[in-house]
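All remarks here apply to the structure that follows.
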Amino acid sequence: MASSAPFQFAGDSDSDEDNFNPAPADLSDDENNATTKRAAVMTDRRESNPAVDNDIIDEEEDEERPSKSASKPTPDDEEEDENGDEEAEDGEDGKNGDDEEDEEEEDEEEEEDDEDEDVHRHRRKRRKDHRAAFFDIEAEVEDEDEAEDEEKEGEEIEDFIDNAHPDDIAESGRLDDDRRHRELDRRRELEASMDAEKQAEILRARYGKRAPARGYGEMAVVPKRLLLPSVDDPGIWAVRCKEGKERDVVFSIMRRIEERAGSKDEVPITAAFERGGPNSVMKGYIYVEARRQNDIMIALDGVLDVYPRTKMILVELKDMPDLLRVTKTPNLEPGAWVRLKKPAKHAGDLAQVLDVTENGLEARVRFIPRLDYGVRDEMAAAAGKRKRPGMPGPRPPQRLFSEVEARKRNPRQLQGNPQTNTWTYAGDDFENGFQVKDIKIQQLDVKNVNPTLEEVTKFASGSEDGTENLDLKALAASLKDGSTNVTYVPGDVIEVYQGEQRGVVGKAVNVQGDIVTLRVTEGELAGQTIEVPNKGLRKRFKAGDHVKVIGGSRFRDEVGMVVKIVDDRITLLTDQTNTEITVFSKDLREASDIGGQGSLGQYSLLDLVQLDPTTVGCIVKVDRESMVVLDQNGDTRQVMPSQIANKLPKRKLAVAADRNGSEIRLDDVVREYGGQQRQGKIIHIHRSFIFLHSHATTENAGVYVTRAGNVTTIAAKGGRSTNPNAGPDLSTMNPALKRNPAANSNGMQPPKTFGRDRALGQTISVRKGGYKGLMGIVKDTTDTHARVELHGKNKIVTVPKADLIFKDKVSGKTIDIYSRSGRGGFGAPGGGGYGDRNGSRTPMAGNGGERTPAWGAPKSVARTPAWGRGETSGSRTPAWGDGSRTVNPYDGSRTAYGDGNRTAYGGATSYAGGSRTPAWSSSAKTPAHDGFGHGSKTPAYGAGSSGSSNDPWGSKTPAYGASAPTPGASGPSDSWGYTPGPGPSGGGSSSSHHPYDAPTPGGAGFGAPTPGALNAPTPGGAYSAPTPAALSAPTPGAWQGGWGSAADSAPTPAAVGAPTPGASGIGGGIGGGGGGGGASGYYGAPTPAAYGGVPETPAAGGEMRNADDD
Amino acid sequence: MFFLHNLERRVTLHPSYFGRNMHELVTTKLVKDVEGTCAGDYYIIAIMDTFDLSEGRILPGSGLAEFTVGYRAVVWRPFKGEVIDAIVNTVNPHGFFAQAGPLSLFVSSHLMPDEIRYDASATPAQFTNDADIVIEHGTHVRVKIIGLRTEVGEMWAIGSINGDFLGCLQP
């Protein structure tokens, strides 16, 4: 304070008065008080204060501080001071200005002291007593002296003219003169530097504000600068004390002060405080403020736990303010998490506060003990080493206290109550497995504890039955420090909900400290920019906003869309899980469109992770520190990243088979078979388990698990038909291939045979395998295998059907039972008779028949040559023509249906348009259609079933044969087999007759069967006549053309005319067949005949047949 | 809302398709690739026509030809505030999911009129006001979009039936 004196000497009465109130630096008083040699100064002082009157100011002062006037032993001082001030005011004598100021201040301080407690005054007195051992009266006067001393001090220090100690100076009489001179000089200086008005202004500026605060003591605003300690103030010493006892010591000092207050030996210090505390660097010290070090010795003499005799540290002036800086001490509450610092063994361990002692110095905490139950001691003992207390070596791991263990190792040290599960072991208390201990708060880390979920989990797992009943989410929430303040970021839409501007909505444009600058967007103020304190603000969202949770909510990092707003509570629907959560708007931020939590470390939502060697799971929810995993058994569990063995990379190539045996891959859409029939997209395939994801449910993020065998494919990804890795699917786009779409399809499967397996009872020989060459009789069959009773061994063996060669029972020739039976199961039944014929022929037919499918399979390329190829070709080849034809209706049928298929394809796929179509339609129309669909089969069947139907077939076959016959056609046949579609289409569309048709012919030929098929049905009608007519007539264009062309191209173009008729004839024939169908005999006749004829010259055969038919 | 939108896209063609009708193929492929997809914040419903088919450029390395095709497409872009009709997919206690063409949307129970409540006991579960309004699987509803979220290849909306003329469409 004294330092500010120079400006005050000219102060007016106001300043005086003002000065009383704020009493800034108490401490200077004490020093003054404490100083000796006051008496001498006193006189000076008196001289320097000529006017010793009581004036109004005094009265005022008295009024203001009655206690002071009452208790203060030296009212004169003040009066004098004030007078002095007045003088200064008047300009009569300004020399005292400084002094007065100082004095005033001192006085004020004194006053305060007085007011506060008399102790100080007594103390001062006592000190004086100490020094001078004078009586009271003199002491009263001393204050003046003090004041003067101060004055001098102030002067000296401020002016830096004379640094001699005031005590020294005070003694000399000349001091007075010096001082006066100096003051005069100074005053002149000042006056020179500024005129009175300015000074007044300054003073007013400085003190004017203080007037209203009068009476409130220190509450008035005083520039901090003025409050800083100066050298005049008492020093502060740091005194060692016992660590942790700081507060106790201070308390005992306080008690002592109280005890001794007013007594002779008052405690001669002005203050004592401590800066202990758990994290303070100043712990282990108390700080005592006193004039002299010796005072401290006196004051602290005999106080426990403090060691004034050790070296005291004088706190430097500049450090003093820091000593008093207020730091907020964290408040420990039961349940809080802390870390241990002290028991070295547990350093860094997490502990939970159970209780805090009243004085706030200790806390009862529980933590997980690190016990080895004496194992290490034993080991040490065994090794003959003394155990060192310094905790060398590894510390035991954290484990809950085990009574059993303790009892086993060290039963003597164990006592406790099993009921409450509280034990005392080796001096430590354990409750429910946790160690419980009172620990000084200093030895706890209360800040930045950051317990991890793992640690906390351990605490929870020990509860009661030991089962883990911890709601990790709740815990995670409790772990968060709720200290996050609302932070606004420019761009936030903010609503003012408190204060004058309530209701204003705007967008933050700037945030500085607590002040948010808003650009108002709505209402009357729209467009204006206002500043508001962030206290009454909240963020504003609209329904539908996409927001992210930030801040302290346990839903932190969730992203979602706002669906509901009530006050500042906002409900949002999370993106990840489609669940609704409610949070405070302050915890929200507008979110970018994408985002959201979806990953925790390396694990992210929907990842497949390995939980243990036998368990995998799919992450269905990710929290901040844990995640929820749906394991392969359909159970969800909450796990922490540490519990996950590893993450299984997505195997893009993983393949499984669904219920129907179809291959399923990732991203296929499948539906559960049975059960809930849930449908979903495959996100993981793990062994036989598949994890599906569906948007239809929100449970488990829409993920569920099932077995691969329990789903059926709804849609394979991208309509997969080929291996997706084989590069682009050329077949779909390549126009060349597109021409013949049928070429890509697998063709229709050969008709299934129904009824009794024809193989049953057949004599066979085994073609392959261990039983190769052995003969036997088929006793039983499945789709693929036959059980064969061997002739040679009395044994029934199972042999793949494919490995069987069927033999005629009688002749031992190889036969094709299927082909024969195809024709007419009858054929077969017809058995014997036909046998031969068939027999001979059959084989080929057989092949053909068997082949048919292959045949049907448009991979015709194969066909032509293939025909050439053993199997089919054999049959196909002209010779074959016969064979096949001969072969039977079956062939026919087969063909037919092969055709059918093919045709179907052709028809359907490629050429709706062609002339074909009509043909088709006709065919379709015709009952044949059925036959068609089922193809030849039906007819064949029909044939099979009823001898009569055979005929048509027979007839047809021939017809077929007719086309087939054209050996030349074989060439074409390729093409046709190959591109039946085109053939027909071509033919149909425009040029059925044209050479182009050449292939067509084949097609035609092919068609032939179809017609046959057609016919068959048609003929089914008894009218051979009408049918043909119908045929030729309706289908005419198509058919005839087709036929014609076929015929044409095939055997003899010239024959064209003929073919047509032929065709018609055929039709007729067919019709006839149909008609004749009634009579199996007929059939039998023609066919064979046809066959007979056919073999060599199919054409002829055809003709013949026709003839026959006709 | 539907728009006619001019767009551009690069189409690559496998060498095996090179030939006379390449442009046709390009168009075909474009249609195949683009129609029915979600392009950010709108759906491409149909391609009207293509124009400005650039010359093909062989991509080094792969041999594919790249064409830049300008095309005009009908696109549908849902807007906040737009009212659309949808068919209810799923009903759960929090609200219901509905499908408006390719767009799936959710109507929270908060965004329904107060009198409409979830009735879990009905089969299938439904939202009803115990009178004429029944919202269950398959119900046609008229919904106002209040929020939109776009993701790659997907859009997602939140709707409200809280308003005049919104809600259940009487058959």
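Using the three backbone atoms N, Cα and C, a Cβ is placed for every residue, glycine included.
If you look up TrEMBL, you'll see A:55-64, A:76-117, A:137-161 marked as compositional bias 'Acidic residues'. The compositional bias 'Basic residues' annotation in TrEMBL covers A:121-130. According to TrEMBL, the compositional bias 'Basic and acidic residues' annotation covers A:162-180. Taken from TrEMBL, the feature compositional bias 'Gly residues' applies to A:827-836, A:1064-1081. Taken from TrEMBL, the feature compositional bias 'Low complexity' applies to A:902-917, A:1022-1038, A:1050-1063, A:1082-1093. Taken from TrEMBL, the feature domain 'KOW' applies to A:331-359, A:487-514, A:540-568, A:663-688, A:757-784. Per TrEMBL, domain 'Spt5 C-terminal' is recorded for A:861-1053. Marked as region 'Disordered' by TrEMBL: A:1-180, A:827-1110.
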Helix, strand and coil residues within the domain 'KOW' (A:540-568) as assigned by DSSP
0 helix, 12 strand, 17 coil
Is it possible to list how many residues within the domain 'KOW' (A:663-688) are helical, extended or coil according to DSSP?
0 helix, 15 strand, 11 coil
Helix, strand and coil counts within the domain 'KOW' (A:487-514) (DSSP)
0 helix, 12 strand, 16 coil
If you run through the domain 'KOW' (A:331-359) with DSSP, how many residues end up as helix, strand and coil?
3 helix, 11 strand, 15 coil
Its residues classified by DSSP, the domain 'KOW' (A:757-784) shows 0 helix, 11 strand, 17 coil
